[in-house]
Amino acid sequence: MRLNPGEIVRVLETKISDYKEEIRLEDTGKVIQVGDGIARVYGLNNVMANEMVEFVETGTKGLAFNLEEDNVGIIILGDYKDIKEGHTVRRLNRIMEVPVGEGLLGRVVNPLGEPLDGLGPVEYKETRPIEFKAPGVIFRKPVDTPLQTGLKVVDSLIPIGRGQRELIIGDRQTGKTAIAIDTIINQKGKGVYCIYVAIGQKASAVARIVEKLRQTGAMEYTTVVVAASSDPATLQYIAPYAGCAMGEYFMFNGKDALVVYDDLSKHAVAYRQISLLLRRPPGREAYPGDVFYLHSRLLERAARLNEKYGGGSLTALPIIETQANDISAYIPTNVISITDGQIYLEPGLFYAGQRPAVNIGLSVSRVGGAAQIKAMKQVAGSLKLDLAQFQELETFAQFATELDPATQAQITRGQRLMELMKQPQYSPMEVEDQVVVLFAGINGYLDDLPINAVKAFEEGLLKFVKEKYSSLLDEIRTTKQLSKENETKLHAVIKEFKEEFVKLYGK
């Protein structure tokens, strides 16, 4: 084989001309202490607050949290067991971001956007920072569109609007998560994308919820973000912000999104743990001084944008667990003051069989009334006051031997209306069905029925109306109001059904 000197020269010249010397400066530091999900690092002098860093030897990511004079306190996002003293940490020159978009629908992911459901990698085209400034007053418009939960007691008495923040608060095992899951199930076909964020929940409980969402077809428009109780406090801390970023993607693209934070009590506990480990000074109940800001900066990101900015919305349903009904504790009062109302669930009502166990007197929606459809306003206008008065009268009636007819009539109707408010789990109702049922209740059609016949009457009435007068339901759905003509028609329909019902069941 003869070597051509000219050819060799040409190849060498090409290689030399293509050679580009690249000098890259990397800001690195050394781990001086590690444990409990926290690393102290020396040498990262130029690191930004909340900047992502990487532990070179293990590939684990971290978040620069405490910037001190001689070292940086880093919260480790993942397993810290393999990180040792002396390991190298390098800056990534970006703040923390998570994948967003429609590719996450139907998936179960951790707060970093990594899949947990075994369905392969998550497909995404965009990422968003987990911390983002809440939209200002100029970007917003008043809440004016309802977000139907499918629960009679909520949609009639404590209505929620798109863009609202409504707190669900109560003791453990009172049905807080059930209300949130029913709301997600009820968004089917309504163009609302849902994000369910599980913070510090048992993995088995989350698996049950995911399975229920799959069975009802709700996973098609839902993303589940999980930081289970077995995950480090650092992941539990960032979970709600990651879920919020995923919801914001839809809001800023002119769509409607709903995000459930289940629950923020455990989130505050995780933040307290991180803060104490980083030697931040403790305050009331050992929470750090900025625990109010922790939740306010998260919940303020829920908004209804005006048309100029796309008209999208992000509705937030934070959940808070109380201890022994104490809603005046530190975290509950903080979140009550941040949100636009609360749904208060009471163990006493729950164990008495009143489910959802909503305490109507203590629950309120500060902005949702404007979003309620006219038909529901017409039907449920005085319902909250009537039921609150009934509960007082019922307490008083326990001590009275004789009651005047007017008081007795009010108690009779109140008992039947309370029975009407009961609803089994995972069976949300369409708003037009709710209007028909509540119309029958407030107009006294149930007053002469025994309480145990109310459920059968409700089911029978809906079946009867759907079979024979479905056009009436269609009209309520499309016009969103009860015209005088439809009111008269509804009276006639209910009377017709009641005659049949009494014949079948007797009084």
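Just so you know, the numbers here start at 1 and follow the chain as drawn.
Each Cβ is built from the backbone N, Cα and C atoms, and glycine gets one as well.
The ATP binding site annotation in Swiss-Prot covers Gly170, Asp171, Arg172, Gln173, Thr174, Gly175, Lys176, Thr177. According to Swiss-Prot, the feature site 'Required for activity' maps to Ser363, an assignment based on sequence analysis.
Overlay of Swiss-Prot annotations on the structure.
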residue	record	Cβ within 10 Å
Gly170	ATP binding site	28
Asp171	ATP binding site	19
Arg172	ATP binding site	11
Gln173	ATP binding site	12
Thr174	ATP binding site	26
Gly175	ATP binding site	20
Lys176	ATP binding site	26
Thr177	ATP binding site	21
Ser363	site 'Required for activity'	22
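Annotated pair Gln173 (ATP binding site) and Ser363 (site 'Required for activity'), C-alpha to C-alpha distance, rounded: 18 Å.
Taking the Cα atom of each, Thr174 (ATP binding site) and Ser363 (site 'Required for activity') are about 15 angstrom apart. Comparing the Cα of Ser363 (site 'Required for activity') with the Cα of every entry in Gly170, Asp171, Arg172, Gly175, Lys176, these being the binding-site residues, the smallest distance points to Gly170. Listed in chain order, the extra residues whose Cβ falls within 8 Å of the Cβ center of the ATP site residues Gly170, Asp171, Arg172, Gln173, Thr174, Gly175, Lys176, Thr177 are Glu321, Leu345, Pro347, Phe350, Ala357.
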